[in-house]
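*Asks:* Pulled these from TrEMBL:
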BINDING   Gly127, Thr128, Gly129, Thr130, Gly131, Asp150, Trp179, Asn196  S-adenosyl-L-methionine binding site
BINDING   Asn196, Pro197, Pro198, Tyr199  substrate binding site
DOMAIN    12-81  domain 'Release factor glutamine methyltransferase N-terminal'
DOMAIN    119-213  domain 'Methyltransferase'
Amino acid sequence: MKSDADRVPATEWLREAAAQLAQTDSDTPRLDAELLLAHSLGVERGHLLLDMQRSLTPPQCVVADRLLLRRATGEPVAHILETRAFWAHDFKVGPASLIPRADTETLVETGLRHCSESRSVRILDLGTGTGCVLISLLSERPHALGIGLDVVQGAVDLATENARKLGVRNRATFRCGDWFSALEPQDGPFDLIVSNPPYIPSADIEGLMSEVRNYEPRLALDGGPDGLDAVRHILKTAPSRLVPGGSLALEVGVAQAAKVASLAACEGYQCVEIAKDLCGIERVVSARWDTS
Ligand SMILES: C[S@@+](CC[C@H](N)C(=O)[O-])C[C@H]1O[C@@H](n2cnc3c(N)ncnc32)[C@H](O)[C@@H]1O
């Protein structure tokens, strides 16, 4: 017969788990431990924190310990939980695509500034991944329609599932292919093109945190020798897919914004602007394309 002596107080499990994770690359050991325990118990983290008197049965301990081991060996919390909060929603994530980053919310904010609330605007999201950017824009602009493209079929599948779950599937189309070549003749022209392309210089990939280097797909990171291969391609090709007066907004890496802004101006874009993220880093370059 099981007795209370077999049970482990949640506070004790959390203390030991956080101490173990503090010995790893995790920057947030206590938070990670709380998220893993809540997930293993099938409750929200807030719920767990409100009921810290609870104790874990042996089977609950086994499940929580298994998740802890995965985290301790470097797997990102988002992959273990299969979800990440971004903008106003929880997005399903997986190995096929980048885990949405808080920095990328700056791209959504910039996109919204370029997107009319009343008109039925068309939006193109290049390298859509989980669909987090396009789906967030569509959720804020109920009259907008969008297309999300990605070269990885697994990412397209994730984005499609997220769009369905978050109630915008009827306004979002996802296709697999290499940048603009995945578009069909009837697609567009677009009022807004957004992209968070791969922008890490190839030589810097090895120096990334192990969690990123080992678990994020290289296709989502590697931007070529100076990180700007995809950015250059998008800057050159986007005008043929924009309405006159349409906008392009690109997320960029640390210290890339001035260079990208100058590339945009050289290509003939107007009203080139740079937006900072919450850490004060220049994160998004936006511009307008006007043929007049
Ligand atoms: C930095 S991730 C951004 C993912 C998502 N938009 C986000 O912000 O979280 C870049 C995305 O571009 C996609 N990608 C890379 N090369 C591509 C190509 N040639 N054509 C289309 N998508 C590409 C990757 O698969 C990846 O999903």
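Residue numbering: from 1, along the chain as shown.
Using N, Cα and C of the backbone, Cβ positions are placed for all residues, glycine too.
Describe each of these features in terms of where it is and what it packs against.
*Replies:* Under DSSP, Thr130 (S-adenosyl-L-methionine binding site) is assigned to coil, being neither helix nor strand in the three-state scheme. Thr130 (S-adenosyl-L-methionine binding site) is surrounded by 28 other CB atoms, counting those within 10 A of its CB over all protein chains shown.
Around Pro197 (substrate binding site), the same-chain residues six or more apart in sequence whose CB sits under 8 Å from its CB are Leu126, Gly127, Gly223, Ala230, Val231, Ile234, Leu250, Glu251, listed in sequence order.
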*Asks:* Please report the three-state DSSP label of Trp179 (S-adenosyl-L-methionine binding site).
*Replies:* helix
*Asks:* Below 8 Å Cβ to Cβ and six or more residues apart, same chain only. Which residues does that give for Thr128 (S-adenosyl-L-methionine binding site)?
*Replies:* Leu134, Gly148, Leu149, Asp150, Ala155, Val156, Ala159, Phe174
*Asks:* Write down the Cα-Cα distance for Gly131 (S-adenosyl-L-methionine binding site) and Pro198 (substrate binding site), rounded and given in Å.
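*Replies:* The Cα atom of Pro198 (substrate binding site) is 15 Å away from the Cα atom of Gly131 (S-adenosyl-L-methionine binding site).
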*Asks:* Helix, strand, coil residue numbers for the domain 'Methyltransferase' (119-213) per DSSP?
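*Replies:* The composition, in the requested order, is 39 helix, 23 strand, 33 coil.
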*Asks:* To see if you understand the setup: which same-chain residues, six or more apart in sequence, place their Cβ under 8 Å from that of Trp179 (S-adenosyl-L-methionine binding site)?
*Replies:* Leu126, Gly127, Leu149, Val151, Ala230, His233, Ile234, Thr237
*Asks:* Around the substrate site recorded as Asn196, Pro197, Pro198, Tyr199, what other same-chain residues have a C-beta within 8 angstroms of the site's C-beta center?
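*Replies:* These residues sit around the substrate site: Gly127, Ser195, Ala220, Leu221, Gly223, Ala230, Val231, Leu250, Glu251, Val252, Gly253.
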